[in-house]
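Asks: The structure is given below, and queries will be raised subsequently.
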Amino acid sequence: MSVTVRVPAKVNVQLAVGAARPDGFHDLANVFLAVGLYDEVTVTEADELRVTCEGPDAGQVPLDRTNLAARAAQKLAERHGRTPDVHLHIAKDIPVAGGMAGGSADGAGALVACDALWGTGASREELLDICAELGSDVPFSLVGGAALGTGRGERLTPLEVGGTFHWVFALADGGLSTPAVYGEFDRLAQGRDIPEPVASQELLAALAKGDVHALAAALSNDLQPAALSLRPSLADTLAAGRAAGALAGLVSGSGPTTAFLAADAESAAAVAEALRASGTCRAARVAESPATGATVV
Ligand SMILES: C[C@@](CO)(OP(=O)(O)O)[C@H](O)COP(=O)(O)OP(=O)(O)OC[C@H]1O[C@@H](n2ccc(N)nc2=O)[C@H](O)[C@@H]1O
Ligand SMILES: Nc1ncnc2c1ncn2[C@@H]1O[C@H](COP(=O)(O)OP(=O)(O)O)[C@@H](O)[C@H]1O
């Protein structure tokens, strides 16, 4: 028997970052929006834990026990006094190390898949606890939709979304390390007062109304200067997307994927085509939001 779970990528429509905490993490006001680019995790009984991966970026995915899908299976097995003897296969469509939470998606997907395969019957609360142990972004991959993440991003409040938004994602060559981008944020912040991160009321209202123009005006990412500092060429991608008619563009999370909000599906297709022709990115993908969280298919 096997179970397959589909899990979406995310874009951060607001990422407000506070000062570094004593534990090295940063308090956030992280407004997550799930987007319709998906990984699928399939779990099958096996003699021992193993991970395989297919997809254009598969070569960059670790297949040992550091893979977030393997770690998720191990954690659930430990809690329920069993061995994690499964084959986890990841069909990967989310860019790796791209600021779109692909690893987190696989962690959440493996957790839901193993829970179903083993008949563990874990509560939603227990699954969310395990997600938070796996990483700050993993709880959101489980729930999907839209949510405000506080603390290090793991404490979620669901948000209302009143319409469909059309995005274009420009994929970059190579990834950016999340800790390196937060480290660069700290370096750039030296000597400055960093305010407490708070969610923008304009942004939350724009999401709730499904107002694409208001959302475009309110998009913000405090990690963007750090990502641009580490990867200056992203400025060219942002300029190309805006010149092509996107309402707004920003770095997705820690990058280096850049995200562009378009007025409608037709405009998104045109922006994607112009980005491909611009030579400023490796590929351009269109996707809609919101998307549902980890779901057994
Ligand atoms: C920046 C964001 C925005 O959603 O995602 P990505 O764009 O990388 O996907 C997240 O904050 C990434 O979350 P995630 O990738 O789960 O990070 P974790 O595994 O929890 O932490 C990895 C490292 O990132 C830094 N980190 C992460 C979260 C946070 N609130 N403060 C931090 O300083 C720490 O250096 C930590 O050691
Ligand atoms: N299942 C997984 N898929 C992708 N990367 C993974 C996975 N498990 C662990 N990783 C590690 O996590 C790093 C960050 O990957 P990812 O989650 O794709 O990016 P981001 O944190 O930018 O959203 C990768 O470079 C890789 O070393």
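Cβ atoms here come from the backbone N, Cα and C positions, even for glycine.
All annotation found in TrEMBL is predicted automatically rather than curated by experts.
Copying in the features that TrEMBL gives for the protein in this structure:
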- Lys10: active site (ACT_SITE)
- Asp137: active site (ACT_SITE)
- Pro95, Val96, Ala97, Gly98, Gly99, Met100, Ala101, Gly102, Gly103, Ser104, Ala105: ATP binding site (BINDING)
- 67-145: domain 'GHMP kinase N-terminal' (DOMAIN)
- 203-279: domain 'GHMP kinase C-terminal' (DOMAIN)
Asks: Can you give the mean pLDDT for the domain 'GHMP kinase C-terminal' (203-279), rounded to a whole number?
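Replies: It averages 98.
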Asks: Given Lys10, Gly99, Gly103 as the recorded positions, which ones have a Cβ positioned under 6 Å from some atom of ligand 1?
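Replies: If the test is a Cβ under 6 Å from any atom of ligand 1, the answer is Gly99.
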Asks: Neighbourhood of the ATP site (Pro95, Val96, Ala97, Gly98, Gly99, Met100, Ala101, Gly102, Gly103, Ser104, Ala105): other residues with Cβ within 8 Å of the Cβ centroid, in order?
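Replies: Result: Ala9, Ile94.
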Asks: Measuring Cα to Cα, how far is Asp137 (active site) from Ala101 (ATP binding site) in Å?
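Replies: That separation, Cα to Cα, works out to 7 Å.
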Asks: Less than 6 Å between Cβ and the nearest atom of ligand 2 is the rule; apply it to the recorded positions Lys10, Gly99, Ala101, Gly103, Asp137.
Replies: Gly99, Ala101, Gly103
Asks: Provide, as an integer number of angstrom, the distance between the C-alpha atoms of Ala105 (ATP binding site) and Lys10 (active site).
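Replies: Ala105 (ATP binding site) to Lys10 (active site), Cα-Cα distance: 9 Å.
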Asks: Of the residues in the domain 'GHMP kinase C-terminal' (203-279), how many are helix, strand and coil by DSSP?
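Replies: Looking at the domain 'GHMP kinase C-terminal' (203-279) with DSSP, the answer is 45 helix, 11 strand, 21 coil.
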Asks: For the binding-site residues Pro95, Gly99, Gly103, which Cβ has the most other Cβ atoms within 10 Å, all shown protein chains included?
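Replies: In terms of Cβ crowding, the pick is Gly99.
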Asks: Between Gly99 (ATP binding site) and Lys10 (active site), how many Å separate their Cα atoms?
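Replies: Cα of Gly99 (ATP binding site) to Cα of Lys10 (active site) measures 8 Å after rounding.
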Asks: List the residues of the same chain that sit at least 6 positions away from Ala101 (ATP binding site) in sequence and have their Cβ under 8 Å from its Cβ, in sequence order, or write 'none'.
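Replies: Listed in sequence order, they are Ala9, Lys10, Ile94, Asp137, Phe140, Ser141, Gly253.
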Asks: Which of the listed binding-site residues (Ala97, Ala105) has the least company, meaning the fewest other Cβ atoms within 10 Å of its Cβ?
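Replies: Selected from the binding-site residues Ala97, Ala105 on minimum Cβ neighbours within 10 Å: Ala97.
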Asks: By DSSP assignment, list the helix, strand and coil residue numbers for the domain 'GHMP kinase N-terminal' (67-145), in that order.
Replies: 46 helix, 7 strand, 26 coil
